Every structure is written in C-alpha cells, then in structure tokens.
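Undergrad: Below is one structure. I have some questions about it.
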Amino acid sequence: MKILVLNSGSSSLKYQLFDMTDESVLAKGLVERIGLEGSLLTHRPANKEKQVINTDIPDHTTAIQLVLDALTNPDYGVISSMDEIGAVGHRIVHGGSVFTETTIINDEVVAEIEKLIPLAPLHNPPGIAGIKACRSILPNVPQVAVFDTAFHQSMPEVSYIYGLPYEYFEKYGIRRYGFHGTSHRYVSHRAAEILGEPLEDLKMITCHLGNGSSIAAIDKGKVMDTTMGFTPLEGLMMGARSGNVDPAIISFIMEKENLTIKEVDELLNKKSGFLGVSGVSSDLRNVEEAASEGNYRAQLAIDMFYQKIVRFIGAFVAEINGIDVLVFTAGIGENSPQMREAVCDKLEFLCLFIDKEKNKFRGEEREISRPGSKVKVFVIPTNEELMIARDTATLVK
Ligand code: AMP
C-alpha cells in the first residue's frame with residue numbers, strides 16, 4: 001500500500017509518499033508560501049531530478065492538487081494515478097484530551113479537531129485545511145489523523161494538572177498536554193527494537209532536542225511525564241523560546257516595559273532562549289560558532305541549555321524510579337556530539353558511561369554507551385513521517 005503523509009503549516013505543506021511494502025520513500029517535497037506571493041513547490045522524487053514549480057498557490061486545496069499532479073506527472077511523477085494512494089496520514093498538532101491515539105478521520109473527528117482550535121490557534125487550522133482539501137480531492141481515500149499530543153495522554157494526573165485553581169482545568173482544559181509525541185514514540189519504539197527487548201520492560205528518557213525541545217519519561221512504553229505543557233513553551237530553554245521561567249516575571253516585565261499580552265507572548269516565544277540569552281541566534285550552530293570565538297553570552301546560553309537537559313533527566317529518572325535507556329534525537333540531539341558528551345558527563349552517577357570517540361558523529365543511528373554502562377545511550381534520528389505512515393497503514397488495514 002502507498003501512503004501519503006501530510007504536514008500542513010499555515011503557509012507551507014510538507015509531504016512524503018511511502019511504499020509500505022518496504023517503507024521506502026517514493027517522493028517527498030515542500031510547498032511554500034501558500035496564500036502569499038512567490039509560492040512554489042519543491043518536489044523530490046526518489047531516483048529522479050528535483051523539480052521546482054513556481055506557480056500561484058492561493059490555498060491548501062490548490063497546494064494538495066499540485067502535489068498530486070507532481071506525484072502522477074508522466075516525467076517526474078512516481079505513481080501512474082491517484083488511485084494508487086491507499087490512505088493519507090495527517091500530522092495534527094493538538095488532539096487535546098480527546099485523542100489519545102491515532103484516529104480515522106470522519107465528520108465527527110474533524111468537528112472535534114475544530115473544537116480544539118483555541119488550544120492550538122496557529123497549528124490546528126492548517127491541519128484542518130489539509131484534511132478538508134484531501135477529503136474533497138480524494139473523497140474515497142481513507143484519511144487518518146496522528147496527533148503530536150496523543151502519546152503523552154498516558155501521563156497521570158499528578159503530571160498534567162497545574163497548581164492552579166482546578167476550575168480552569170475543568171472550564172478551559174488548562175493542563176499539561178506535551179508535544180513532539182510522535183517523535184518520542186518513534187525513538188522509544190526504535191530503541192526497544194534495537195535492544196531486542198520489549199518496551200514494556202524498559203524505563204526510558206527520550207530527548208527531542210531541536211529548535212523546539214522536549215524530554216519525555218517513558219515507563220513500560222507509557223509516557224509518565226514530559227517537559228512541554230499546555231503549550232510548547234514550557235520546559236527546556238529552546239532556540240527562541242524561554243522554557244520555564246518564574247511566572248511572576250511576566251507581569252513584572254509587562255509593567256516595566258509597558259508590553260501588551262501579544263508582545264509578551266512574542267517575547268517568550270520568539271525572542272528568548274538561545275537567541276535572547278546569547279543575542280546571536282536561535283540556531284545552535286551559530287551560537288556554538290560565536291562561543292568558540294569567545295562570545296561570553298553565547299557560551300552561557302549553551303551551558304544553560306545543557307544544564308536544563310541534565311536537570312530534567314535527573315528529575316525524570318527519580319519520577320520513574322530508574323533508567324535503562326537514554327535517547328537523543330532531532331536537530332541538536334542527532335548532530336551535537338558536544339551536547340551529548342556534556343550531558344552524559346553529568347549522569348555518570350547513574351552508571352551511565354559513553355564512549356567519547358564513538359560519540360563523535362552526526363546524524364546517524366548509533367549506540368554511544370560503553371559496554372560496561374548500566375544505561376544504554378542511543379542517538380536515533382527521528383522519523384515522524386514514517387511513524388505516521390505506519391499508524392495510517394495499520395488503521396486502514
Ligand atoms: P530541528 O528543529 O530538529 O530541525 O533542529 C534544529 C536545531 O538543530 C538548530 O538549533 C540547529 O542549530 C541544530 N543543528 C542542526 N545541525 C547541527 C549541527 N551540525 N550541530 C549543532 N547543531 C545542529
């Protein structure tokens with residue numbers, strides 16, 4: 001079966017077409033600047049030349065039609081007709097408390113995802129636009145929704161209820177949801193597979209460290225706690241997001257700087273983190289470069305990031321009362337040997353030891369723990385699209 005995986009953003013659409021007989025990617029690509037001037041599609045078929053198509057793309061329906069045209073094009077397409085697509089898997093950011101697992105899409109599911117828009121006002125609307133466009137263009141093809149929040153729904157109440165008046169949880173659904181769930185699920189399953197041990201026998205901490213970062217504590221295959229919360233702002237310090245700060249700072253700064261709610265929201269989400277502390281960039285590569293040239297604040301941002309990772313790993317090990325496996329994934333997790341070494345050096349009290357030579361690489365799947373280490377440490381490139389394709393194939397079967 002061939003599965004089309006879609007990840008719709010407000011002005012972009014990423015896609016991958018999988019052949020599930022061997023899980024190979026037949027084609028992938030990106031539509032950019034939907035609804036804006038200069039919109040384009042970059043289509044990358046396997047074993048054929050990349051195509052860049054510059055054309056007017058006013059909405060998600062046009063974008064998806066364009067993707068389907070590219071996939072079936074006689075010259076650079078990879079399938080002969082749309083009928084070859086067995087199902088479509090959609091990445092949806094917020095599934096609230098309602099969606100605890102991957103779900104076949106019908107009218108009720110669309111209505112439920114729409115109800116969750118207040119919880120993800122920037123992310124759920126493009127996801128819904130993608131679903132609606134696909135349902136109109138491919139009315140007979142099953143559609144499946146895979147939620148970023150779903151894997152974390154196994155968290156116990158003690159992890160997800162905030163120390164706020166309980167009525168806000170009841171009235172507005174204010175609780176911790178967690179994000180990057182598909183990535184944490186993929187790498188945890190993959191680590192168990194590499195080890196050849198059932199997930200149910202393992203205590204794991206998975207670290208998704210990229211532009212947005214989160215850590216999850218997974219016991220017997222179930223998330224018990226995670227660092228992101230009601231929104232992806234909570235937890236670790238990130239590229240441009242502050243992560244945890246004393247909440248009283250917010251009203252203090254608003255008063256001092258005369259900021260509106262929108263401005264303070266932007267400050268916390270877009271001007272903080274590596275960018276805010278270093279003053280250099282939200283991209284760790286640039287921050288590392290500046291630090292190597294002696295930039296004090298760049299080095300401070302890096303040290304703070306490492307320290308916060310260690311802090312959450314330590315807390316989570318205590319929460320789940322042990323650790324068998326530590327996993328690093330995403331842009332920084334996969335590509336920064338310095339970060340992995342600095343973090344693991346602080347965890348030797350857990351009898352966690354890495355092979356520092358083996359750790360010197362980027363972007364591949366590898367065990368980096370030493371033979372004597374009680375805790376196995378892996379770097380596993382994340383593959384959310386494959387997880388979505390697998391879920392979709394399983395559900396429609
Ligand atoms: P992601 O959001 O998963 O795409 O990750 C983006 C982050 O990964 C950015 O902060 C990048 O600086 C970081 N990253 C990507 N490649 C490298 C690298 N070679 N060394 C250090 N950080 C990297």
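Any Cβ shown, glycine's included, is placed from N, Cα and C.
Pulled the feature table from TrEMBL, pasting it below:
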BINDING   Asn7, Glu384  Mg(2+) binding site
BINDING   Lys14, His208, Leu209, Gly210, Asn211, Gly212, Asp283, Leu284, Arg285, Gly331, Ile332, Gly333, Glu334, Asn335  ATP binding site
BINDING   Arg91  substrate binding site
ACT_SITE  Asp148  active site, proton donor/acceptor
SITE      His180  site 'Transition state stabilizer'
SITE      Arg241  site 'Transition state stabilizer'
Undergrad: Please list the binding-site residues from Leu209, Asn211, Asp283, Arg285, Glu384 whose Cβ falls under 6 Å of any atom in ligand 1.
TA: Asn211, Asp283, Arg285
Undergrad: Return the member of Asp148, Arg241, Arg285, Ile332 nearest to Glu384 (Mg(2+) binding site) in space, with distance defined Cα to Cα and candidates limited to these recorded positions.
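TA: Closest by Cα: Asp148.
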Undergrad: For the recorded positions listed here (Asp148, Asp283, Glu334, Glu384), which one has the lowest count of neighbouring CB atoms within 10 Å of its own CB?
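TA: Ranked by other Cβ atoms within 10 Å, the recorded positions Asp148, Asp283, Glu334, Glu384 bottom out at Asp283.
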Undergrad: So among the binding-site residues Asn7, Asn211, who's got the most Cβ atoms within 10 Å?
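TA: Counting every other Cβ within 10 Å of each candidate, the maximum falls on Asn7.
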Undergrad: I need the CA-to-CA distance for Asp283 (ATP binding site) versus Arg91 (substrate binding site), whole Å please.
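TA: Cα-Cα distance, Asp283 (ATP binding site) to Arg91 (substrate binding site): 25 Å.
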Undergrad: Among the recorded positions Lys14, Arg241, Arg285, which residue has the fewest other Cβ atoms within 10 Å of its own Cβ?
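TA: Lowest Cβ count within 10 Å among the recorded positions (Lys14, Arg241, Arg285) is Arg285.
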Undergrad: Determine, using Cα-Cα distances only, which of these recorded positions is closest to Asn211 (ATP binding site): Asn7, Asp148, Arg241.
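TA: Looking at Cα distances from Asn211 (ATP binding site), the smallest one goes to Arg241.
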Undergrad: Within 10 Å of the Cβ of Leu209 (ATP binding site), how many other Cβ atoms can you find? Include all protein chains, please.
TA: 26
Undergrad: Among the recorded positions Arg91, His180, which residue has the largest number of other Cβ atoms within 10 Å of its own Cβ?
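TA: Selected residue: His180.
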Undergrad: Are there any residues in the same chain, six or more apart in sequence, whose C-beta is under 8 angstroms from the C-beta of Ile332 (ATP binding site), and if so which?
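TA: Counting only residues 6 or more apart in sequence, the Cβ neighbours of Ile332 (ATP binding site) under 8 Å are Leu209, Gly210, Ser213, Leu284, Met339.
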Undergrad: In DSSP terms, helix, strand or coil for Arg285 (ATP binding site)?
TA: helix
Undergrad: Could you find out if DSSP has Arg91 (substrate binding site) as helix, strand or coil?
TA: strand
Undergrad: Three-state secondary structure of Lys14 (ATP binding site) from DSSP?
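TA: The residue in question, Lys14 (ATP binding site), is strand (DSSP, three-state).
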Undergrad: State the three-class DSSP label for His180 (site 'Transition state stabilizer'), counting H, G and I as helix, E and B as strand, and everything else as coil.
TA: coil
Undergrad: Could you check which of the recorded positions Asn7, Arg91, Asp148, His180, Arg241 is the closest Cα neighbour of Lys14 (ATP binding site)?
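TA: In terms of Cα distance, Lys14 (ATP binding site) lies closest to Asn7.
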